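Here is the structure we will look at, set down as structure tokens.
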Amino acid sequence: MHLSLHQNTPLGILCCVPLLSYFLLLTQLVVPIAIVTNQLTKVYISSYHHQMKNIGLFFLVVVATFVVAATAGSFYQDFEITWGGERAKIYENGNLLTLSLDRASGSGFRSKKEYLFGKIDMQLKLVPGNSAGTVTAYYLSSLGPTHDEIDFEFLGNLSGDPYTLHTNVFSQGKGNREQQFHLWFDPTKDFHTYSVQWNPASIIFSVDGTPIREFKNLETKGVPFPKSQPMRIYSSLWNAEDWATRGGLVKTDWSKAPFTASYRNFNSQTSSSTGQSLDATGQAKIRWVQKNYMIYNYCTDIRRFPQGLPPECSIA
């Protein structure tokens, strides 16, 4: 008997395949054995076959339960609260995490594991109402002065005004590669999925499966690319009223505190072969997003770079 498994099959399934194969084999061997026995033995084996089928069904239930446990992310298992005390809380048996900000402090958490290439998904529901002055950061980062970093930052705004989604890429301690977007939905009404797909060829930022930005590996053109430093996942909710909303013109309204952001459905696929650069369909989606929702692109900010735009900006 041969079981065909996808390359991304969860470890829980792989561990159970030998035992499952053994049980299925036993249930199939019962019939040929019965053929060469007398009628009494047939009755006995028929009963044994029935029992083995029950055991097999029980085993399948156990396997199914184990697979769910192995594939569903848990904040207890995968993350640790790093600051903010009781402002960071985990609920629903590890399936929901919330961060809060008040006048005294914000809060944050980080992953227990480090990641080098792969795909990271997290569902977030952002601070509702008047969130001006607040920043909800969700990013990957290594440590040290030459760190690498891949950023999602959500800049709050007055009630009724759109959030600003701020993205950036650091390599060897150098950033200054900001692109900013408005979203095509209200990110405070429900959970939405924010993803980073990182492999040796490119870094792709996506929202609900729609790519919004791709940072390609152009090391051959002299552009540094994050490729050798494992990174942890971090998230925090903090006060940045000096710059976050309209350049700091709108301050945090502490009468609306505490401000709370929520997280669920974390998922990771750790593989350097998780996708490559975007295909033509993905590139078309990025062009649509950037045409309709991009509000800032460092590659068009000539005043910021009077000596010339960064080299990646002139490479298609």
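From the backbone N, Cα and C atoms, a Cβ is placed for every residue, glycine too.
According to TrEMBL, the protein carries these features:
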TRANSMEM  12-35  transmembrane segment
TRANSMEM  55-76  transmembrane segment
DOMAIN    69-263  domain 'GH16'
ACT_SITE  Glu149  active site, nucleophile
ACT_SITE  Glu153  active site, proton donor
CARBOHYD  Asn157  N-linked glycosylation site
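Packing around Glu149 (active site, nucleophile) is summarised by its Cβ count: 19 other Cβ atoms lie within 10 angstroms of its Cβ, all protein chains included.
Annotated pair Asn157 (N-linked glycosylation site) and Glu149 (active site, nucleophile), C-alpha to C-alpha distance, rounded: 25 Å. In this view, the residue listed as 'N-linked glycosylation site' is surrounded by 21 other Cβ atoms within 10 Å of its Cβ, with every protein chain counted. Annotation for the residue listed as 'active site, proton donor': spatial neighbours Val135, Thr136, Ala137, Tyr138, Tyr139, Leu165, His166, Thr167, Asn168, criterion Cβ-Cβ under 8 Å with sequence separation of six or more.
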